[in-house]
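What Swiss-Prot records for 7-27, 38-58, 68-88, 92-112, 125-145 is transmembrane segment, and it gives sequence analysis as the kind of evidence. Annotation comment: Swiss-Prot describes 116, 132 as active site.
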């Protein structure tokens, strides 16, 4: 039996694995609050925890966000298993979002917070993590997919 939406599963696994391995490295290497300038004043690794969503939105809403992460993950898994065969961009987009949602969701359930460490100081951007990056990239891929879909004679998008 061939796995449907294979690229979805590959993207989800890679995103989840890279997120978890980088967070593990940060927790094992840094003290909370410690920073390592890679490009001083521009880009640092800074170990912080976040009880909110991506980029510290909804800070302090851990309980609600852990269930949201689980719900999003279950819906995306159901889509890939029981939905139609998705096009390339949809598979990549949904897969990256699943990997990121699962990565941050595991943190929320196990730790009660998310580990963040990517710190772009040049633009004063909130510290974030690899999962947040994959979720954002996944959304961009879904936008690309939406522009490639054309209406059929019945008015439906293919």
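The backbone N, Cα and C atoms fix where each Cβ goes, glycine too.
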Residue among the active-site residues 116, 132 whose Cβ has the most other Cβ atoms within 10 Å: 116
Distance, residue 132 (active site) to residue 116 (active site) (CA atoms, angstrom): 9
Chain residues outside the transmembrane segment (68-88) and at least six past its termini with a C-beta under 8 angstroms from it: 4-5, 7-9, 12, 94-95, 97-98, 101-102, 104-105, 108-109, 145, 148
DSSP-derived structure type at residue 132 (active site), helix or strand or else coil: helix
